Each structure stands twice: as C-alpha cells, then as structure tokens.
Amino acid sequence: MILNKKLKLAYCVFLGCYGLSLHSSLAAYREPGQLGSPDSWKNAEFNRQWGLEAISAEFAYARAYTGKGVTIGVIDDAILSHPEFAGKLTRLDNGSYNFSYDKQDNMSFGTHGTHVAGIAAAKRDGSGMHGVAYDADIIGTKLNDYGNRNGREELIQSAARVINNSWGIRPDIRRDAKGDIIWLPNGRPDYVAWVKTDVINEVMRNKSNLEWGSEQPVPTGGHSAMATLLRAAKHGKLIVFSAGNYNNYNIPEAQKSLPYAFPEVLNNYLIVTNLSNNDKLSVSSTSCGHTASFLACQPGSSIYSSVGELVSNTGGAVNREAYNKGELTVKPDYGNMSGTSMAPDVTGFAAVLMQRFPYMSAAQISAVIKTTATDLGEVGIDHLFGWGRVNLRDAINGPKMFITQEDIPQEFYVPGSYSEKQFVVNIPGLGNIVEAGTPVERRCTSGECDFDSWSNDIRGHGGLTKTGAGTLAVLGNNTYSGDTWVKQGVLAYNGSVASNVYIENSGTVAGDRTVGAFRAVRGCEHGDAGNGYGTLHVLLDAVFDRGSQYNVELADKGRSDKLAARRAFLNGGSMNVSLDRSQKLMSQNEAELLVGNNYTILTTLDGVTGRFDNANPSYPFVKVALDYRGNDTGLGITKTDATFDSLASTENDKEVARAVETLNATEPVTETAKRSVSIPASEEANLQQSDAGAAQAVNEEASIVAGHPIYESFLGFTTARELQQATRQLSGQIHADMASAQINESRYLRDTATERLRQADGRRTASDIKADDNGAWAKLLGNWGHASGNDNATGYQTSTYGVLLGLDSELFDDGRLGVMTGYTRTSLVGGLQSVVHSDTTHLGLYGDKRFGALALPAGGTYTWHRIDTSRSVNYGAQADREKARYNARTGQLFIESGYDWSNDVVNLEPFANLAYTHYRNEGINEQGGAAALRGDKQSQSATASTLGLRADTQWQTDSVAIALPGELGWQHQYGKLERKTQLMFKRSDVAFDVNSVPVSRDGAILKAGVDVSINKNVVLSLGYGGQLSSNHQDNSVNAGLTWRF
C-alpha cells in the first residue's frame, strides 16, 4: 500500500525535530581516523556494523578511499529521508512509502530499502552507524512504482555506476497434508528447490523479449525488472544482486541467471550470498550454484543499519484508524536485519573501488572484487562460496587475476563468457574523459588517473593491455600467461612478469625486473621506472623493430638503464639517451666526469643481431656513439663543439658560462665505484653469467675521473632558459649589488652635513636634525630604495636605518667647522633568494665658508662596513646555500656652492655640488658547496654632480607658524655607469665579471616638507626626500614632534 501525503508531512515534521536533536553531537564530531592507520577508523560507529571489519574496510579508509564522488543506485522499496542520508539522497519514485495491514488492522511499515541504503552509504558522522562507502551519494527508485514517473529508466540514465538489487522471487514452501508449512530441523521453511535447467530455460524463453526491452526505455510491467537489469548492464552499470534466502540447497532464480542468455553482460553482473560472522554460509542463504563464476560472499547476518518505524503522536495504537485520523508519524531509527538482502556491503565495496580506480569500468571493478576475494570452502571457485569473501584490503591493490575461460571450472562456466583475453586498462592522464558517450562518462581528476600502481601478484590465463597517457606501475610477482601489450603511456615493472611484452605506438615499458620476452614494434620505448637505475631482464629474446625507441638514462658511477636478454634482434629503431638530472651535485667537492665514460646498455647470452638506426642525445653539449661488442652493446659519451655560452644571451650569463666551461679540468682520484650489474638469483643461471660477464666483473671496482659538479650539471641543459636560470644564481650578483648600494647611499652623509651647515647658518630650519645651542646635533635616518632589473641583472630592494651625530662651532664670523659620526644598518634583498646585511660605522669632517650670500660647504667621510651575505643556488635538482662575511670601506669627498637669494615672501638658494665616492672590499670568500665564490680585494669609484634650487617660505597665522622647505635638483653621473664585481669559483683561477643594475646617467633630486610651530615650545614636522632615476629610486620619509620644556 502507499502512504498518503498526510503521513508524509508528519514524517517531515518529525524528522526536522530529530535532526535538531542530533545537531549538537554532529557539530562536535571530529574524525578520529588517520591516514596510514587502519585501526584508528574503528570507532563505535564503525563497530556497530560488524561487516565493515569483516571486509577490511578500514584499510581503504586509511588510504582515503571512501566512495567519494561515486553514486550508488538502489532498486528497492522507498528510502526514507533518514538523517544518515542528509544531503546525499535523490529519489526517482513517486515519493510515497510502503506499508501493510494485518488481520487486526495494525500497520506494518516497509523500511527494507532504508536498511539496504544505509549498509551501502550511510554517513560517517559519529552517530548511529555508517555505510561501506560513506562518502558516496545515493539514487533510489522503487521496485514496484506504478506512478507516472519511470524511475528505473531515470536510474539507468543517471550517474549511478553500481545498482543494488536486494529483492527476488521466492519459491514455494512445502506443506504437509494438512496444509501446514513444513519446517526443517534448523528452523527454516522447507522451500521448493529451483532446478538449474528450469531456471536457465526460463531466461532463454524470454531472451528475445528481454533483448527488445533492453534496447529502449524500460516500460513497467511484464518482464520489465529483468529488462531493467539487462539494459543497465549494457549501459555500463555494475549490477549487484542478492542470491536469495531460500536455504543452502537452493540456487539463484531466473533474474540472477540473466548472463546465461546474455554472457556479454556477465562481467557487469555480481551475485552475492550471505555469510555469518564465522565465515560460514548462513543457513538461510541460497548457495551459488550455477552462478558461482560471477558470485562473491559478504557479511549478511544481523547487520545493523538505518530503518524507520511508525509511531503514534498520541501514544495510542498504530493501526488503520490512527492513520485515518492523522495520528501517525514516521520515526527514523536503527535496527538489525539478516539475509542476502544485505548485499549492499558489496555495493558500497564497489563504490569504494570506483573511487580507488576511477579509470576502471564496472566490469573491471567486478573483476577486482572477484579475484581479490578471500577463498572459502573448496580451493578456488565452488558451489557454496563462489569466488569467496570480498576483501577490501587486497582489492585496493588491484586485480589478482586476468580471467579467461580457462580459469573457470567447467561446471560453473557460462557459455560465451570471459571471452576477452586481455584486461585493457586505460590510465587516461589527469583531466581526460573515460567511458565517453555512456551514462557513466566522467572526467578523471584524481592522481590515480595519471599514475597508479598495482601491488598484488597477478595470475591467470589472460593478459594485460595498457592504454592511455598515464603510468601504471605493476609491483607484484606476476605469473599471468597472456601477452602484455603497451600501446600508450608507461607500464613500469617493479615486479616480475612471466608473459611476453609487446610495445607499440606511443607505449613505454620501464622497470628493473624480469619479463618473458620483449618486442618493441613501433613508436615505443624502454626506460627506467622512475625509481633509479636497473636492468630489465628478458628471459628469452628482445626485439627492436624499425620505428621503435630504446630510452636509456645515464648517471655517474657507471649507473644506467640496461637490457639483459638471451638474444637481441635489432631491426633498426632509435636509442634515445638522457642524462640523470635528479642528482644533487652541489654538496660534493667532486663529481664523476660524464664525458669520456662508457656504458654497457645491452647485454646478451647468445649475441646481438643487427643494429640500431641511430643514437640520439637531446642535449647541445653531449653526443653519443654506439659500440657493438660481440654479445654486448656499449655507449660512449663525448662533448660536442658547442660551448656553454652559446646558449647565453646577456653579458652576465655569458661571463658565468665561460667560467663554468673552464671547470672541466680532470684528475684521477682514488675513489672507486661499485658497478653491480647482477641479475636476480631467481633468473636462469646462464643468463646471470652473461650479464655479469658483459660488465667485466660483478661489483667491479673502477677508477672514477673527477669533474666539477657545476660543469657536470651544465652538460644536461637543453634550452637557453635552463642555462639562464643557472647562471643567474651562480653569478653572485648580490656582491656587486651591495657595492653599488653603498656608493649610492653615501649621499645621505653629505646631504646631512650640508643641511646641518644651512641650519646652523640660519638658512633652513632642518627640523629632522635636532640641535642644541652649543652645536651638538642628531639625526635619525630611515630610507628605502629599489633598483629596477634588466635583461642582464636582477633588481633588488634596500633599506637603511640608523643615527648620525655631530658637533660643530662657528669659525671666525663667516665659517663653521664640525665633526660627525654614526651607525647605520643596511639590508639588501636581491633576486633569487639573496640577502645582504651591512653594519656600518661612519666618521666625517665638514665645514663651510661664507662670502656674503654665497656659501661654500665641503667635507669628507669615511665608512667601515661589516657585510654578511647569504644566497641560494637552485636550478634543476641542484641546491646550495652560500654565505660570506667580509669587510669593506667607503670614502667620499664633496663640495658645494650655494647662493642665498631671499625676499619677504620666499627664500631661494640655487646650488651646485660635486661628490667623489670610492668603495673597496677586503676580499670575498664564500662558504658553502661547489657553487661558493671568492674574490680578491677590489674597488670602484663614482663621481656625481647636482644642480638645483632650494626654496622655503614661512608665514604666521593667529595660532601657528608654518614653514614649507623644498628642493629640486638634477643629478648627473660621470664616467662608467656599470657597477661590477670580479669573482671566481673556489676551485678555479678564472675570474668573471658580474654586473649589478647600472646607475642612470641622469636623475632627479626631490625634497619637500612642512614644519608647523604650534607655539614656541612645540613643533610638528613631516618631510620627504628622494633620488629618482630610471634604474634606481631611493626614498626617505621623516616625521617628528619637538616639545621643549
């Protein structure tokens, strides 16, 4: 019967209250499960459903596989809007619920569908229980829904990838002469046994109708249920079906036997029986019978899950009268049920695997479920347990068998099934579409779509075909006997395989283990598996056809990819040589010289026939030559005529590249390399001997020729961009930057001296200089600067803070003489993670001579710097940190002439000055790795002049006096504009020049301020000063409050 709208409304009202009662506990829920820790997932909510531990679900959760992103379909009675399904349930039926009356008019409410859905995908939220795939979504439709909506067809066209069916047709129950039910000694009804031939014949009789029904939207009535399942399977869904609860002697009925009429959908069909908690078939469960080849077992006895019940709002009876009065409410609850209807353990299991293997089809997921099941009863597939109990711990590690007809016992074989000889796996690459054009079409967005690994040992008579642009790593010891084809992407063998391997198109085989035979057909490659170097061992023949490619990666200490076979047939093809650029060389004083090395990259027992067409390094600085030596093929490495600076485009880059080119001087060292090329002991002894002989001796000690790590790292560059990235970081530009910054910032000393002289002469208030009547003064410095980078040099930022102190006095009536000192700290942040700090002490002498309105200030300063530098070197796999501490000095002389032209409105002073600055360091000696630099004592000078105008004006209001000083000037640099430092690598005597950002020939000087005298004791001041040019911008801001008391 159908529940009416009045009862549904009451349910919704109740559910709202029920949800509110849970809110506080759910909001406080914190997930105790941790990645990598299976036991941490077994909280109280987990343990309430014993089937979760029985199928080892915790191992999937510990690897973050929870069914997320997968949708489960359920065909059953109506699924209640239980809190366990909040935000994840979609119903495709008419929205009603199922209930019935007994002879006394008491109502019974149908919650079978709710219980089933909870087992598959109830939420994990700290309350009640949770399903196997607790992060999956659910789409439900009713088995018997006679409304206007065709929920079954909508389900077929939906995103649901696995559909649960916990229903079936019950056989008759035997009765005695009195018409009473006959009960068996175990307490079960005596069901009439289905007969295999009768069951299969029923399916076959309806085959044409089912075929027709499956090719169009499924109608209602007739054989529509079977047509629904067939159509869904043909649309790429996995059909999970309960076997039935009709005693162990019985077999599944016609709906579950559909693959006998349609063997092409068998791989999308999975029948499930019911286990008790001791791994015995429950006494109520139907056995596998003729469906054993597509059946697995799962926990199904006393399974705790979500349910609902009718309750009275008044506390009265739950019957027809109360229903008619609107006194009944649906209450969400939990309860235990038993039977093969608990099949959704497998349905949720499949959803977890669909997240784990997002690229697999439903048929392949079914194969993983079956072949990783734990065998029960008789060895192999049997009539009670089929493939065995599902095991999620093993299933998340990939298939354990590639199934063909030969792997199925004859008594259980479905004619026409398991006809595919190859397990075709498409690792599509991140973001690509899988199963395009079907209802289950989806975009592959997880990491497994680009790289995945299977660690199970795979057996069976089938083979493997790898397609798609991604990489599949096969880690187990595999004994499957079918062929292996690699047609796209990479198949990496970190385990062994007994079958023959063929690669074609854009396929790649990689690895360091054993295969049976090997043939590269065309456009294919062999290389390492991305985990170091090793030998791919071929027990029989290795064949390279024209158009194929053999990829070999080379490294130091004689390490390289290698192929060892009984025989090799080279029918052409290319050898592509690459260098291992993952080696971290900077921490080494020496690296083995690559150029001049010889590698054995192919070794055989019975000889090499033919030749490769060519050997192709993809590097401008390295070339290779093949050497065929009897049973072996070798590879020699030499340097090309191209120089490193041929890829450089700027002068700094060229200078560094030329210096690196000189680092190739070699010398023998006593270090030895252990060059082990032994084959695993499990291989045939004669092949092992062949490989060892080709290497001259296993664990042979060989003298290594030393090379400079930087030089060796440059050999692998392929583009100008790579070289520029390296030369910029190796150049040590930060030292030239600091020298330039010290010269530029010397202006703050001379500006302060001239401002103080103008202040003392009464020509400017100079509020940022605090002075007393005895000629003592102080000034706080704070400025920041920026140098704009160019193609040759990276930019940098500076900041300087400190204090200057001075004392001066009148000299006769028309002059002044003073002395100044101070401390400042300059910080410079360069490009590429370079930092410099300079602690600086200053000493200076200044004075002026006045001739009426004409003033001639002059002075000199001397500065001592203590410089600390730190810079990073990071390019490719190379990383290092270089540090240095050294001393430097800066001296300067300056002179100025200014004419005071004042009137009642404004004071003007045109001026001109000239300054000479000389910087000298005491030598640079970095500490670090191979990229550390050194430099001799060196100096540089600069001469600059400034022409400008100073102006200030003052006026008095009723309450305050305001002064507005300002300055505008044009600065001109003489001589060379480059600021460079000469450096060299520590193991070299060849110096190179590195330029900082050049100074601008011309620039502007700008100063502006305001002084507000609130009264004779309180003065507020604000000022800005800047030197602005195309390449450098220096700025300072000062603000002050003077309060005399």
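All residue numbers here begin at 1 and follow the chain in the order shown.
Keep in mind that glycine also has a Cβ here, set from the backbone N, Cα and C atoms.
Per Swiss-Prot, active site, charge relay system is recorded for D76, H112, S341, and the stated evidence type is sequence analysis. If you look up Swiss-Prot, you'll see 49-396 marked as domain 'Peptidase S8'. Here Swiss-Prot flags 769-1045 as domain 'Autotransporter'. Summarising the annotation, Swiss-Prot assigns signal peptide to 1-27 and lists similarity to another entry as the type of evidence.
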* Structure fact -> CA pair H112 (active site, charge relay system) / S341 (active site, charge relay system), Å rounded to integer, equals 9
* Count of other CB atoms lying within 10 Å of the CB belonging to H112 (active site, charge relay system) -> 19
* Asked: Which whole-number value in Å describes the distance between the Cα atoms of D76 (active site, charge relay system) and S341 (active site, charge relay system)?
  -> 10
* the domain 'Peptidase S8' (49-396) [mean pLDDT, rounded to integer] -> 91
* **Under 8 Å by Cβ from S341 (active site, charge relay system), counting only residues of that chain that are 6 or more apart** => H112, H115, V116, S166, W167, S242, N245, G300
* By the DSSP assignment reduced to helix, strand and coil, which category contains H112 (active site, charge relay system)? -> helix
* Could you find out if DSSP has D76 (active site, charge relay system) as helix, strand or coil? => strand
